[in-house]
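One structure follows; several queries about it will come next.
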């Protein structure tokens, strides 16, 4: 209820204004939650993915109120929960919120993990925007894998930028889905000399590296998912009338004008086009008599 959220101070008013719906939403934040029974492997995975994480004992698939509370408190729309037990060892749950309620949630088991410190190669600077690559037809065919792909894009895409320089394309996250497993690999892009303008590209693995298997899923209904993708009218491009495009991308415009009398069209006056008196009188239907030569 908005009456309950009525601010009493200017600081509270600014805080609520920041959380109000916007045409261009803020960059999505993610919270990492470490379960009370998380082991060393899960802890290292959480540390390697991001540095901010909170410890709490919860079971997201059984009770989502704790996640929703933390989401609203920290204004985070993404989460990654890590836990470990005998039934589900080395467990990760990745998910996202819509209006501070759980929208999608997918449970992944870590079968193999190689941390950043175990791979002795140079690393990318912290905060580098990654290039995301997905390999495997299952990411486009299976609905659960399709949602997982969308989730991973949301989680790793980072802030939206208007432009990027070539040297800034130095971090690759590669996800491969094959035989019921998902392989996540991280690479640093090396730009080598090639003898021409376009550099030769090499990939050097830098970690972390994970072999994952999908476990439980909690997916939003089609109607709710469609509602979460709805864009405000202010962001939709306005339809321009009488404009068309061909297959090559050329733009054509149609202009509607009144019918013009071309005989009254003013053109540039030239001596060669000037009418003689005889031509003028012939048009009027009157013949001009010829002057007799004087003797």
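Cβ atoms here come from the backbone N, Cα and C positions, even for glycine.
TrEMBL labels come from automatic prediction, so no person has curated them.
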Looking at the ranges 220-257, 258-295, which is given as region 'Disordered' in TrEMBL?
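In TrEMBL, the region 'Disordered' feature sits at 258-295.
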For the domain 'Brix' (28-223), what is the mean per-residue pLDDT, to the nearest integer?
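On average, pLDDT over the domain 'Brix' (28-223) sits at 83.
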